[in-house]
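Structure, as structure tokens:
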Amino acid sequence: MQNSLNHLAIIMDGNGRWAQLQGKGRQAGHKKGASNVRTITNWCAKHNIAHLTLYAFSTENWNRPKTEVDFLMKLLERYLRDEAKTYHDNGIRFRAIGDIAFFSEPLKHLILDLESATSHYTTLTQTLALNYGSRNEIARACHKILLDGALDRSQSPQEAAKALESAISAALDTADMPDVDLLIRTGGEQRLSNFLLWQASYAELAFSQTLWPDFSTDELAAIIDDFRARTRRFGAL
Ligand code: FPP
């Protein structure tokens, strides 16, 4: 039996190096990277993948030079404005995970408006991780649970841990999404960089040498074929 792929997550790494290899500034790499987001998203929509989650801006990315951060914010704004039609034309639902409170008012509005305008679409849910970090997400989830006052102090530590696993899953930004089945990182590095650590607990991992702007649908299809043939045991035999 082949594995089914409900949730694909991608760490889109290598924009800066791609630009450098072309003798261009890093911004050119991010621009080309954003255009590849469109290509890969549309391909996933046509290939029955229910969830595609992309790491677009991490909680650590604020540490980049201000000019690069500002450029990424503007690029994101332009992308959400220009791509609205693509989401509607292809029945794609847009969602954001991460703490968007830190973004400018116009960017926050674009995010919230596109989320609500596409919330009824069912072909593919494309989720952008924006100001996202797993540790931050889990900490925010724990904070919600503590504020709710739902902790039952009469439970044994074992009962409490079981109940808390469900409570944390339900309080994460990804609350109603399935766990990640396949996580791909492009750009040659082999690490998770604080991305979906809870949700990818049993994900299959794939690392590609290809820099994100060059990552093609053919390579994605080959990685997915390999994933479908893998044996997944989820800790059992
Ligand atoms: C990593 O490349 C990529 C990012 C920090 C951001 C990803 C952003 C995009 C793909 C473009 C914007 C996205 C949207 C949806 C508009 P890097 O800069 O770390 O590359 P490097 O490791 O070669 O320096």
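Yeah, the Cβs are placed from backbone N, Cα and C, and that goes for glycine too.
Features as listed in TrEMBL:
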BINDING   D13, E204  Mg(2+) binding site
ACT_SITE  D13  active site
BINDING   14-18, R26, H30, 58-60, W62, R64, R185, 191-193  substrate binding site
ACT_SITE  N61  active site, proton acceptor
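TrEMBL feature annotations superimposed on the structure.
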{"residue": "D13", "record": "Mg(2+) binding site", "Cβ within 10 Å": "23"}
{"residue": "G14", "record": "substrate binding site", "Cβ within 10 Å": "24"}
{"residue": "G16", "record": "substrate binding site", "Cβ within 10 Å": "20"}
{"residue": "W18", "record": "substrate binding site", "Cβ within 10 Å": "25"}
{"residue": "H30", "record": "substrate binding site", "Cβ within 10 Å": "23"}
{"residue": "T59", "record": "substrate binding site", "Cβ within 10 Å": "19"}
{"residue": "N61", "record": "active site, proton acceptor", "Cβ within 10 Å": "16"}
{"residue": "W62", "record": "substrate binding site", "Cβ within 10 Å": "11"}
{"residue": "R185", "record": "substrate binding site", "Cβ within 10 Å": "23"}
{"residue": "E204", "record": "Mg(2+) binding site", "Cβ within 10 Å": "19"}
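For the pair formed by E204 (Mg(2+) binding site) and R185 (substrate binding site), distance between Cα atoms is given as 11 Å, rounded to the nearest Å. Every protein chain shown contributes to the tally, and the Cβ of L192 (substrate binding site) ends up with 16 other Cβ atoms within 10 Å.
The residue listed as 'active site, proton acceptor' falls within a helix when secondary structure is assigned with DSSP. You'll find the Cα of T59 (substrate binding site) roughly 15 Å from the Cα of D13 (Mg(2+) binding site).
Only D13, G14 of the binding-site residues listed as D13, G14, T59, W62, R185, L192 bring a Cβ under 6 Å of any atom of ligand 1; the order follows the sequence. In this structure, R185 (substrate binding site) is part of a beta strand by DSSP.
Between L192 (substrate binding site) and D13 (Mg(2+) binding site), the C-alpha separation comes to 11 Å.
DSSP assigns L192 (substrate binding site) to coil, not to a helix or a strand.
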